[in-house]
Amino acid sequence: FSFRKLWAFTGPGFLMSIAYLDPGNIESDLQSGAVAGFKLLWVLMLATIIGLLLQRLAARLGVVTGLHLAEVCNRQYQKVPRIILWLMVELAIIGSDMQEVIGSAIAMNLLSVGKIPLWGGVLITIADTFVFLFLDKYGLRKLEALFGFLITIMALTFGYEYITVKPDQRKLLQGLFVPYCQDCGTPQLEQAVGIVGAVIMPHNMYLHSALVKSRQVNRANKREVREANKYFFIESCIALFVSFIINIFVVTVFAEAFYNKTNADVNNVCVNTSSPHSSLFPNNNQTLEVDIYKGGVVLGCYFGPAALYIWAIGILAAGQSSTMTGTYSGQFVMEGFLNLRWSRFARVLLTRSIAITPTLFVSIFQDVEHLTGMNDFLNVLMSLQLPFALIPVLTFTSLPSVMNDFANGL
């Protein structure tokens, strides 16, 4: 084992792990904590472990074959199933893009104390994508460092909320290692399904299998291929462990502070702290329902304005960091399935326009609740798209004709 070699292979796994930290994930986390307390932490852990195993398969496919998943699909499938697979993955990418736009727009609205309207935040996210494309010209390694910085911001901001709220550690450990959900009903079950859809992103398999190609590996040398697989797997373990800890921060903060709270409880606290957002919570005994926007507001009411702004910075980092991974995924998928060599600029313009149009209409003609409600729908969409990514990954990595001596036994 060599730390120098691990450092050389470090990058693709952290870019991949950003999909586990996008605004859709954060929304799923906070709702899980508010609705089920600590009871669904084991679902989050199992989903992350399964995600790690699937990412490992995707990375192995790229390392061994020198082709990413979309290119292998192009070679192995007939035209009709190939087109269907491409459309399904594009749908998942657009849905993910919408979540990034929504999260970034809400974060900008919170940070500006409402001065940047939601539709303004949506429009700003058009420009920021092209800023990332500009940075990409300086090399992938520098871009990987930038995303490492954004992940660090998320760890610090959500870690601050965790330290401020001080969740019960005994309940945290019990939630992680006791796979049971006492007194749970339909709302808790919906959250459990939402966690799986939010954590395991279908297009992320295509992304990871392509990113590993950025490292030079002599595929004629089995020892080098085996070594690359090892270091990429270690890096993926580290990256997903970091993302798992950040997700735990969010779940446990809302589990400790807002589980079983009513609208009246929050309304009283917000009124007493003279919060301008107290009208968001009607003075009734209905169970509190939170989303990315309300989550920041209630943190501000209970723990001071600093908690609100730090939360918004974390959400903005999540939205911005996941922007570029969606861009990369779209490029690899289109080139692999269709052999279309569009410029990255044209590719981003197309997918971001498709993603922004419905989001912009909702932000102009509806309120923030409808905008964040789209996140729940999009998490369900992701879970429906999963088979269209998982079946090719599981199939190809078990075929000796594709993987040679590195095919899976199962």
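Just so it is clear, glycine is given a Cβ too, placed from its N, Cα and C backbone atoms.
Quantities reported herein were computed from a predicted structural model and do not represent experimental measurements.
Sequence-distant contacts of the transmembrane segment (40-59) (same chain, at least 6 residues past either end, Cβ-Cβ under 8 Å): 12-13, 16, 20, 29, 32, 69, 172, 175-179, 181, 188, 191-192, 195-196, 199-200, 204-206, 208-209, 212, 229, 232-233, 236-237, 240, 243-244, 247-248, 251-252, 390, 393-394, 397, 408. As annotated by TrEMBL, transmembrane segment applies to 40-59 (among others).
According to TrEMBL, the feature transmembrane segment maps to 80-96 (among others).
According to TrEMBL, the transmembrane segment annotation covers 116-134 (among others).
According to TrEMBL, the feature transmembrane segment maps to 146-163 (among others). Remote same-chain partners of the transmembrane segment (146-163), defined as residues 6 or more beyond its termini with a Cβ less than 8 Å from a stretch Cβ, comprise 14-15, 17-18, 21, 135, 242-243, 245-246, 249-250, 252-253, 299, 303, 307, 310-311, 313-314, 317-318, 320-321, 324.
According to TrEMBL, the transmembrane segment annotation covers 192-211 (among others). Long-range Cβ contacts of the transmembrane segment (192-211) within its own chain (Cβ-Cβ under 8 Å, at least 6 residues beyond either end) map to 11-13, 15-16, 19-20, 22, 24-25, 27-29, 31-32, 36, 40, 43-44, 47-48, 50-51, 54-55, 57-59, 61-62, 67-70, 88-89, 92-93, 96, 181, 236, 247, 325-326, 328-330, 332-333, 336, 376, 379-386, 388-390, 393.
Look at TrEMBL and you will find 232-255 (among others) tagged as transmembrane segment. Sequence-distant contacts of the transmembrane segment (232-255) (same chain, six or more residues past either end, CB-CB distance under 8 Å): 6, 9-14, 16-18, 20-21, 25-26, 29-34, 36-38, 40-41, 44-45, 48, 51-52, 55-56, 59-60, 63, 151, 154-155, 158-159, 161-162, 165, 167, 171-172, 175, 199, 208, 212, 290, 295, 299.
The feature transmembrane segment is assigned by TrEMBL to 297-318 (among others).
Per TrEMBL, the feature transmembrane segment maps to 345-365 (among others).
Per TrEMBL, the feature transmembrane segment maps to 377-396 (among others). Here the transmembrane segment (377-396) has Cβ contacts under 8 Å with residues 24, 27-28, 54, 57-58, 61, 69, 72-73, 76, 84-85, 88-89, 91-92, 95-96, 98-99, 193-194, 196-198, 200-206, 402-403 of the same chain, all six or more residues outside its ends.
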Let me spell it out: take the transmembrane segment (116-134), skip the flanking residues so only those 6+ beyond its ends count, and list any with a Cβ under 8 Å from a Cβ in it. 100-101, 104-109, 143, 319-320, 323-324, 327, 344-345, 348, 352, 356, 359-360, 363-364, 368, 371
